[in-house]
Amino acid sequence: MSDQVVSAKVLADAVFSGNIAAVSELLQKGADPNTIYQCNTVLMWAAGEAMTAIMRILIESGADINAANTTGYTPLIFAVEADAPDCVNLLLDAGVDIAVQNRYKETVLHLAARAGQTALVQRLVTIGADIHARNWIDDTPLYLAVDNGHVYTARVLLDAGAEVNTTNRGGWTPIMMAAAKADLASMRLLLDRGADIQPSNNWGGTALSEAKKSFKAAAAVALLEAAGAQ
């Protein structure tokens, strides 16, 4: 095993163990803050484990906050998926790229919307995240928020100007998905914001026909029929 590999493992082990003193000492002795261990940089590993203090040391020592692994994951994506707001805010304060996409063409706004991280979604849209961004199947952050039942997150996106009638590659709109899940809160929000209940998806399904398949069909159907669905 080469000295370089040994050095990488030593720093990685210090990061994994959360040993702040050891990480600091290794960096002071010349360890590379951009060390890659098992396909990820040590900053990525720290972000994925919500180690804010170690992340701060690595960043101050020159770690690349925008480095990406072979799947397109960056430290910011790791931090978002770890639901680690302190780590996310550290990276945002350092000027991290918020437009980066993973291999599924998902931005951090997609990931935060799917997870219902409403405070993060609010901050991201405030600093310019693309609310209209589409992933590999043309899902927008709004669609993912609705798909996962996060009505407050959906409200933030709509307030920021998200398109209420956006369609993905399958022709699904947010109101269709909310209806399919009989998510009455999301349905009311979308209807209040002008959701069109007449379009059909690629399989001919409408918001009303999808609602009728739900085990809570009655309430969802009644809401749509009151809005004019036929």
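Note: Cβ is positioned from N, Cα and C throughout, glycine not excepted.
Features of the protein shown, as given by TrEMBL:
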REPEAT    38-70  repeat 'ANK'
REPEAT    71-103  repeat 'ANK'
REPEAT    104-136  repeat 'ANK'
REPEAT    137-169  repeat 'ANK'
REPEAT    170-202  repeat 'ANK'
Completion exercise
Given the repeat 'ANK' (137-169), its same-chain partners at Cβ distance under 8 Å and 6+ residues beyond its ends are 107, 109-110, 112-118, 121-122, 125, 131, 175, 177-178, 181, 183, 185-186, 189-190, 193-196, 199, 201
Handout entry: Per-state residue totals over the repeat 'ANK' (104-136) - DSSP helix, strand, coil
Key = 17 helix, 0 strand, 16 coil
